[in-house]
Amino acid sequence: MDLYKLTVHELQDKLLAGEISSEDIVKSLFSRIALVEEKAQAFITLCEETALEGARRIDQQDEYGGIKGIPYGLKDLFCTRGIKTTCASRMLENFVPSYESTASKLLNEKGGILLGKLNLDEFAMGSSTEQSAFFPSRNPWDWERVPGGSSGGCAAAVAAGEIPFALASDTGGSIRQPASYCGIVGLKPTYGRVSRWGVAAFASSLDQVGILSRDVRDCALILKIIAGKDPLDATSADTEVPNYCAFLDGEVKGMRIAYPREYFQHWVTESIRTAVMKALRKFEELGAIVEEVSLPHSEYALPAYYIVAPAEASTNLARFDGVRYGLRDDEADNVIDMFSLSRAQGFGPEVKRRIMLGTYALSSGYYDAYYLKAMKVRRLIASDFAKVFRDFDLIVSPTTPTTAFKLGEQIDDTLTLYMNDALTVPVNMAGLPGISIPCALDDGLPVGMQLIGRAFDEATLLKAAYAFEQNTDYHRLTPVPGGGINE
């Protein structure tokens, strides 16, 4: 039995029916990892011994349910007690936390089994995993292409069948963009819906914990577990967390769906525009009302983001100085040189670039011209979304302007690389929930459709995504590693 092909809820059913054990699942997945990991390069750290021990312990209890006995992966910026957390950086290459992130702790308490920590762009700053200090991950649909970023290791592992789901973070599209490139589902909840405690911070007003999985039902199931108020995270929201799975079978008939003209411009490839418009017609067939709208300030989201996010990163990363933890240069003659040399050796070029951008934007004489202006743009973007949501239930757009690009193709073209997040960044700037689901293939590569919802209305978002999924077969397409598809 190819257990690696199954979703979380399918594994649940087989565990409850007594057809398989948790140990069977874990062994099957590690066999799969042994087969494809040399190409995928998705994992930074594997936890085979502890995963097998955990599975056997759960099997002895002979009591399954929820995610009990089901394996998962973590983007390697979630702190894991006793397990290395590197952020894909030389700065934290040997850092072993003494505490567990809230989100992973909630999964562990429900019986989830951690298989390993997954690759990312260093400190989540990138769109391809090529900024990892260790190695780039690869796209299972074509090993010569990127899986996206910064959560590319998570997306590659899920798409390749190495894990059924993963937790990751999304600051400007870091869950949705790789989900689109790898043909899986990627959910970024509303800002504050899930605790960020124990997750290494990039941009604190934009970061959000989310999920990568093979289908929408799995996202709904996992979100119910990890969502909610956390006393350790002041930015987590004290709002009701519904049973998201209960909403999935609702009708979309009469639902009002908007598509913004600004998200279908010439810099989005024609094949992707065509694919998403075809997907919108599927919603119309299901009884939804689809209309064009305008989000006029979204075109300014990317430049504003690259002021706000680096500004916050420059303050968040100031803590890495070689004193309490992280890489330390022992050759320095004084403490100032030690700070400077430790950071020079510990941080990669993209992280340094963003620290310098952020420090400049916050510096005396430039704060008003850059940071303050960017925050004003951010408010205008949020206002545009609010106006549309007065009359519509959902907004639909492409997730990315192109399909996955080749490794090395954009590494020296920073502006083009940043443009990969042009359609996802506005959602983070407004703090809204967004999900990417597969909606087509373009020359054998997955195309993602992005659904955007009202704040804290993930239920409607998931219902619409599930309706599309149940009336199409794109989520059932899986890659034959290296090229081609299994239908």
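Every residue gets a Cβ built from N, Cα and C, even glycine.
Taken from Swiss-Prot as is:
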type	residues	note
ACT_SITE	K75	active site, charge relay system
ACT_SITE	S150	active site, charge relay system
ACT_SITE	S174	active site, acyl-ester intermediate
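Around the Cβ of K75 (active site, charge relay system), 31 further Cβ atoms fall within 10 Å across all displayed protein chains. Taking only the Cα positions, the spacing between S150 (active site, charge relay system) and S174 (active site, acyl-ester intermediate) is 5 angstrom. In sequence order, L120, A124, G149, S150, S151, A168 constitute the residues six or more apart from S174 (active site, acyl-ester intermediate) in its chain with CB-CB distances below 8 Å.
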